[in-house]
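Straight from Swiss-Prot, the features:
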BINDING   GLY338, PRO339, LYS340, ALA341, SER342, GLY343, LYS344, SER345  ATP binding site
COMPBIAS  16-28  compositional bias 'Low complexity'
COMPBIAS  92-105  compositional bias 'Low complexity'
COMPBIAS  115-133  compositional bias 'Acidic residues'
COMPBIAS  812-831  compositional bias 'Basic residues'
REGION    1-133  region 'Disordered'
REGION    812-841  region 'Disordered'
Amino acid sequence: MKRKAEKQQATAPVSAFAARKARQQQARLLEPEKTAQNEPAVEPPSKRARRSPEEGAARQAANENDRVQTRRSARTKAETLSSAELAEKQPQESAAAARAQTAERTPPPEKGDADTFDAAEEEEEEEKEEDILERENGVGVIAVEDDAEGYESPADDVPQVQNFPLSKTRLNKSNIVSSDERTLCVRIKEKMTLVLLGHYDLWVKRGVISLMGAKLHPSPRLYRVYAPSTHSLPVIKCVAGVDGESEIEVKSCNSGIYRLRHLSPLYQRIWNGKHTAADKLTLKKVSASTKRTFSVLYTSSDDSWNRHLRPLHLEKQWSSAIRSLSQRGGRLKVLICGPKASGKSTFSRYLLNHLLSPAPQTENNHRNTDGVAFLDLDPGQPEFCPMGQVYLAHLRSPFFGPPFTHPSLAESQDGSIIRSHHIGAISPKEDPDHYVLAAMDLMDRYRALLASYPQCPLIINYPGWIFGLGLEVATWLVKSLGLSDVVYMSEKGPAEVVEPLGHAAQEARVPLTTLPSQPTDFVSRSSAQLRSMQVQSYFHMSHPSEIHNPQWLDTTMSRTRPLVVDYAGPRQGIRGIMVMGSQISPNLLHEALDGALVGVVAVESPNAIMGQADAAGFSGSSHGDATQGAEDLSSAASDIDMNDVTDACHGDVAPTSSSSFESMIIRTPNEDLPYLFVGSGSCNPLDPKASNCLGLALVRSIDVPSRKLELITPIPASKLRDALEQGHGIVLVRGMLDNPSWAISEDYYAARAAERRHQELVAKARKETNTRDGQDAAVDADTQGMVSALLKDRIRRASNVPWMTVIEDNSRRHREAAQRKKSLWKLRKKAYPGSESETDW
């Protein structure tokens, strides 16, 4: 497996522009030195050395002969060699001089750029305050080498932030209907656009607008929109209006997702920053400290943090393909495939929203009441589930936001997961046979769904695994799934991929549509970082029943109440623990399981291991025992106790079924953990026909004396109750997912955030000391000192956790890690490099 290129190192802890100029100047200084060192002493330099103006004038005045020129060339060469030796002895002084020259040449900010300068100063101060956490290659900062399946590389030459147009509509008195500290109501003319950064609720009052593929008509419903800087910004466009205009109202929302910035640096500076020019215009009548959860942007230069912002525009060929596919209605069964970073997920999201667009209330046309089925076969970048899973979802409403804003559909009113399978890896190539069986089982579930929703179309999102064995799997799916269409997201081939797909589509009598890939070249988060953000969002998201939209909590994993379950004894709640991949010694199961992400899988049959004969059921327990165990599980607002699964699953079990499952369990010698392993060399996975993944869990601790596991999981109690009512057993599957380093560093980042908030309060209190009594001010100062000491002690304790090191110096490694957080990632779009290695792409 090839290692990806390291990020380009910063030469000095200055701004990105100054650092780039310093590198360029240093390269110019070292370039003639390297040339001189590599040349033989008897040959003249390949490029004539630069002469002084005096020498040039003298040469023009007097036409010297060849002997003089040769002597002068030799003298110039000797001077070049001596300068190279001097630079070789003092490389640090040369770099320092270059940085000093760059600092001197950097002009001070003009008066009109005060907001931008203040934002840059604020960013530098925040970077100085934050320590860099490292666990091997860095906690909280995902190392490049860790993302073996990634499709981006660090940008060697980071492009300068360009003034990119975003909104065509300019707000003024004529199109602003109303505005206050939370709401903005505006009119948009036909074919005009408006782009907002942040998260907000959108209400269409008049006219028809398009947003991320969906056409929204006037209705009383509010649509939640998430527009972070990590992805291209959604564009609100008026497609039809009353008197040529549409009217929308945008409201601030309190989803709590912004609180995740206190737990991870990946969530910092992804929402709206300081007030833009449009914000200042619409907030004239309110306090200057008022801030909405969204900002209107005319161009990318309006952003106070100078981020790489781009609008989410739809290609014309994409639009025509979406219109053509949507005309098939309930007969649509489309497979979307293509190379990595080609826009498969974006196109799938646009098509999904277009099919789920609500019909206008004034028309009597056919309305899609059966929803849309979404079969996600990409375990590395799933849309509605955390990583490592393939699933079938039934959706009833459009979604506006990246995957980390809807990492789960549990208890959601907009959709549900019909069935899910835990692959245990971010790439299907780890076990293609299991992957294909999981896809076929999900397709069978879709056919069963058609009995209740006959007009439900199907969208299949295939991963970027399109070469080698992945191409064979894709062509087999095209021939076997009974599709209506196949979409390939690349016009540049290669032919060795397009031709087999075309032959498979022709054999299945399915049209193949080829579309251009996405125009985006740079992203601000790598695929590994986006996976980390999605999993962290998954564990911190909740969906209260009394509200429509989800909420996020900033409670760290260490302070979250765990689910406690016995793994041995008469009240055993976990039937087995499986480790996918290569076989490990039972003595190492404790180390492999502790602190890992595991899949919580409901086993529907005792013969659920692939290759075994099917059995009638997992147990012979009565329905009454199962219901009793489920009622104990779902005790409201109290600890979920999975130990009562014993009552649900241990009844009059058939001897053959019990012995069949128990014979596969190996008890570890020291911890007595139920190690489930079947196979030779690698463990056979669970059969998709007899298993269903309920979600992910984090193994917080293993209490060996009491034989208990502490699990942190967002799986609703109702989902566990349903599994137990049906007599299913619970198996934990340890796969090859990314290590949850974000969970280890949450306490540290939370402690630093608390300290910063306290420092802000202290600074605010000091400004008010002149108007207060001296004795009261002294008491407040003592209290503030005590609080500061407690917060520092909290930071110290949070930084002393295992597998984490806090670096507080200003070393080169510190600066490189800080620069890594701000860098861009360049997408690799070459479909085929002429190599047989699939890991390169």
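Each residue's number is its place along the chain shown, starting with 1.
Placement of Cβ uses the backbone N, Cα and C atoms for every residue, glycine included.
Once Cβ contacts within 10 Å are tallied over all protein chains shown, the binding-site residues LYS340, LYS344 are led by LYS344.
Between the candidate binding-site residues, SER342, SER345, the densest Cβ environment within 10 Å is the one around SER342.
GLY343 (ATP binding site) is surrounded by 23 other CB atoms, counting those within 10 A of its CB over all protein chains shown. In the shown protein chains, 24 other C-beta atoms lie within 10 A of the C-beta of ALA341 (ATP binding site). Within the same chain, residues at least six positions away from GLY338 (ATP binding site) with a Cβ under 8 Å of its Cβ are LYS344, GLY464, ILE466, VAL487, TYR488, MET489, SER490, SER517.
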